[in-house]
Amino acid sequence: MVFRKLPGVSASGMGLRLSQKFVFLLFLSGLVTLCFGALFFLPDSVRLKRIFLSKTDTQPHLKRAKDQEHLRGITSGKGETSTKLKSLSRKPSVSHEATEERLAGGKAQEDLTLFRSKAESASERATFSNHGASSDTFSYNKFKQCLLKAPLGREQGRPSDPRTAERRDKVKEMMKFAWDNYKRYAWGKNELRPLTRNGHIGNMFGGLKGATIIDSLDTLYIMGMTEEYNDAKEWVQTSLDLNSNGEASLFEVNIRYVGGLLSAYYLTGEELFKKKAMELGEKLLPAFNTPTGIPRGVINLGSGTSWSWGWASAGSSILAEFGTLHLEFVHLSELSSNAIYKEKVMNIRKLLSKIEKPHGLYPNFLSPVSGNWVQHHVSIGGLGDSFYEYLIKSYLMSDKTDEEAKKMYYSALEAIEANLVQKSPGGLTYMAEWRGGILDHKMGHLACFSGGMIGIGADDGVPEKRQHYLDLAAEITHTCHESYTPTKLGPEAFRFDGGAEATATRLSDRYYILRPEVIESYMYMWRLTHDPKYREWGWEAVEALEQHCRVDSGFSGIRDVYATTVGHDNMQQSFFLSETLKYLYLLFSDDDLLPLEDWVFNTEAHPLPIIRSVPPPLSQ
């Protein structure tokens, strides 16, 4: 190589400068190599490693849970049958095992998560290094002063009517029976298999255990089951390990674990529950690391890597999942004094408020990359349901100050009435599903929560529609009652075509997995109207559960609600203790047990308090 001599520079001087540059470049190269290598040993290094390592090396990280059990559903006596995701539902019970190959777009979306900047990840972790200290600014005593009534009422909600009190006692006995058998045969597992008398772990909770324990904390507490509650609290103290490295449903972990822990804290003041809720809430945040801020449905609780369900159209996120985070995340911000949780869900709200909606309706699938709808399937049942529920409940939980939630809810309800609400030839009011402009005259059991939802929102719409909304709520609740068959238990879905009137016409829709939605609406409609028929309908359900679902060692779902001899699915779902039995207990209690003036229920029936900044003038 020939160097040209520069004017005014000697050969020796130029050589010295070149030597200095060479040393500097050598030092810089070593520094870059050192820093780059260090990235592989940081807590989040799995994301970078997956970019550069071979497919063989990345297999453990890409593997998904097996048996695409849909978000909640049936499980056979030997576990062969899949569980239907309740986000197929409001609460998917499922574990999807996506294979390595995603639907079109799914892998690309996951890679976008992997390429998130290290600086952003480090910034989020730094933010949380101090959240434990800031959480001390929340005052539990001040919170209690902001309640209008004592949470458990004057006499724990015990009704003065002896017959109603006896029925309530029966529900408590059912809870004790379900709990005692869970404790005897499945303690620490997620759910009880009552026929085989063993526990079920599943893979939708990312390695977390004790789902039935967390889901039951508030139910045990409000029923006055002190010994059982203390056993549950001790398990949380000694055995609830949140340092799992599994792949979890963001939706399920939020509504069951975060919701259950938050509710237990607000009811009892036990700091243990708050601490666990905050720790787990932090682990869910990486799911929001997408181009739009719309979280993906599955998250590895250890690495923070997230992806979409393998069955979701084109790698999309599900309306009923990303739309069912608001209540819990707002309370996480309240307790921690850290706005990041509320910011995450408000960003979802902002996007949904702005996006164009076909006929004012919200389709079930949204791309977390583009922020556009993926397909135009609309349902008030599975895949869509609890999004609408959380709109009206966000407004109520804000002490009726969240005007945007109110506006979105009533606009959505108007579109639902205009496009989905139908009347059958037999005079039953139902909510059909909408597929690109074509109605599917089917209503799912999951959609039966909507009677209660429309009822609790009746007071806050335009005054001239208050009675209309109450009537609509009553009509839908009546339809759902009519779907309950000669066994007095309802199918997973029922139809209104081909001469059918609230009847399951497909064998695959005939099962009942201890779902709560119909009973949930009974409870709300009782509180709103005090019409005695709702308590009578609730008692019918109690008798049916006892006759058809109670087995020697717990309660089990059944495979065919029309069969004269029932077959059991061998699964005591955790939501049976959290929701079904809780709503029945409240139905037969006085209204001052968890009064609606102070509490809203998340979609797993965990009560969360209405947020007030100052005590009411006339607190009781």
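Any Cβ shown, glycine's included, is placed from N, Cα and C.
The transmembrane segment annotation in TrEMBL covers 22-42. Residues annotated as region 'Disordered' in TrEMBL: 63-105. Residues or ranges marked as compositional bias 'Polar residues' by TrEMBL: 78-92. Among the features that TrEMBL reports, active site, proton donor is placed at Glu252, Glu492. Per TrEMBL, the feature active site maps to Asp385, Glu517. Taken from TrEMBL, the feature disulfide bond covers Cys448-Cys480. Marked as Ca(2+) binding site by TrEMBL: Thr603.
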If you measure C-alpha to C-alpha, which of Glu252, Asp385, Cys480, Glu492 (recorded positions) come within 10 angstroms of Glu517 (active site)? Cys480
Alpha-carbon distance [Cys448 (disulfide bond); the residue listed as 'Ca(2+) binding site'] in Å: 13
Students should find that the Cβ of Asp385 (active site) has, within 10 Å, a number of other Cβ atoms equal to 31
Residues near Cys480 (disulfide bond) by Cβ (under 8 Å) yet at least 6 apart in sequence within the same chain, in sequence order, are His445, Cys448, Gly451, Gly490, Ala502, Glu517, Val518, Ser521
What is the separation, in Å, between the Cα atoms of Glu252 (active site, proton donor) and Glu492 (active site, proton donor)? 19
How many whole Å apart are the CA atoms of Glu492 (active site, proton donor) and Asp385 (active site)? 14
Neighbouring CB atoms within 10 angstroms of the CB of Cys448 (disulfide bond), all protein chains considered, total 31
